[in-house]
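These come from TrEMBL:
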- 6-121: domain 'Tetrahydrofolate dehydrogenase/cyclohydrolase catalytic' (DOMAIN)
- 141-287: domain 'Tetrahydrofolate dehydrogenase/cyclohydrolase NAD(P)-binding' (DOMAIN)
- Gly168, Arg169, Ser170, Ile234: NADP(+) binding site (BINDING)
Amino acid sequence: MQATLIDGKALAAAELAQIKREVNALEESGAPTPCLAVILVGEDPASQVYVRNKLLKCEQTGIRSHCYRLDSGVEQGELLGLLARLNADPAVHGILVQLPLPEQIDEAAVIAAIDPDKDVDGFHHENMGRLLAGDPDVLVPCTPLGCLLLLKSVLGDSLAGQHLVVVGRSNIVGKPAALLALQHHCTVTIVHSRTQDIAAVCRRADILIVAVGRARMVTEDWVKPGAVVLDVGINRVEHEGRARLVGDVDFDSVAKVAGAITPVPGGVGPMTIACLLRNTLQAYRHQRG
Ligand SMILES: Nc1nc(=O)c2c([nH]1)NC[C@@H]1CN(c3ccc(C(=O)N[C@@H](CCC(=O)O)C(=O)O)cc3)C=[N+]21
């Protein structure tokens, strides 16, 4: 391995420590405590792990949190009613509805029902539009924001002119990551399942962000020597009879050619959670003027 390992866990811990200091300062000034509401529908095991993690990090930073656990058979109207109450509650500053939702519920309708000012996921069309327009007063999706912080940790502020290729075009990672990179003056390409000779396009990237959800899809022949590789994938695979977490990047082969690379676990994931808390604090400040 020649690549520098980008330690997302350590960088996230530093970010959380900073958030904790800011929350403490608010506390000392007598201001109310920032509060995040999390809604979890059903019993999806991965969602339960992620939500537990988010609540734990809230506790560590002093952000108040409240988790609403709804039955997997809940009616959409009930979920929308809960959102209306949380939107109207001035003590709640951030709202996160854990995805995916059960099939009887229209995800788009749920996201549209969240007050954009409390939309700490940055999934509401109002926030997507603001990001597209380059409005600084926007809540940016947590994973792309985490990617940007990881990139700055290796490249400093010199993202300008770098060719950044995003693999994947989802609304929650690929598209917002591309827009954020564009705002930081990168030359941006998005590639996806219909792209012709995807490996050749990726090989031209100075920075590669991979978010497709296919275990170890990106191999060393996709990567330019010295490139920075961020792996957003979280795939559970069987390895010698045991469940194991791997990314969308074939770490062992890519680490031989990349200049820097994030591991899975311990890369983008922890940074995503740190950015959720960062967004909660931003939403709090915005709401309090
Ligand atoms: N409304 C909503 N917002 C989200 O931000 C959201 C979501 N729904 N649904 C699911 C995805 C996934 N996601 C992750 C966050 C942290 C880790 C994370 O911390 N991963 C650890 C490992 C965790 C494990 O052991 O499974 C790591 O990479 O080191 C992973 C995945 C947020 N998501």
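Cβ atoms are placed via backbone N, Cα and C, with glycine included.
Those TrEMBL annotations? Automatic predictions, nothing curated.
Positions of the features from TrEMBL, shown on the structure.
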{"residue": "Gly168", "record": "NADP(+) binding site", "CB count, 10 Å": "23"}
{"residue": "Arg169", "record": "NADP(+) binding site", "CB count, 10 Å": "18"}
{"residue": "Ser170", "record": "NADP(+) binding site", "CB count, 10 Å": "17"}
{"residue": "Ile234", "record": "NADP(+) binding site", "CB count, 10 Å": "19"}
Note to self: Less than 6 Å between Cβ and the nearest atom of ligand 1 is the rule; apply it to the binding-site residues Gly168, Arg169, Ile234.
What the structure shows: Ile234
Item checked: For the domain 'Tetrahydrofolate dehydrogenase/cyclohydrolase catalytic' (6-121), residues assigned helix / strand / coil by DSSP -> 60 helix, 19 strand, 37 coil
Notebook entry, point to check: So what's the mean pLDDT when you look at the domain 'Tetrahydrofolate dehydrogenase/cyclohydrolase NAD(P)-binding' (141-287)?
Noted result: 97
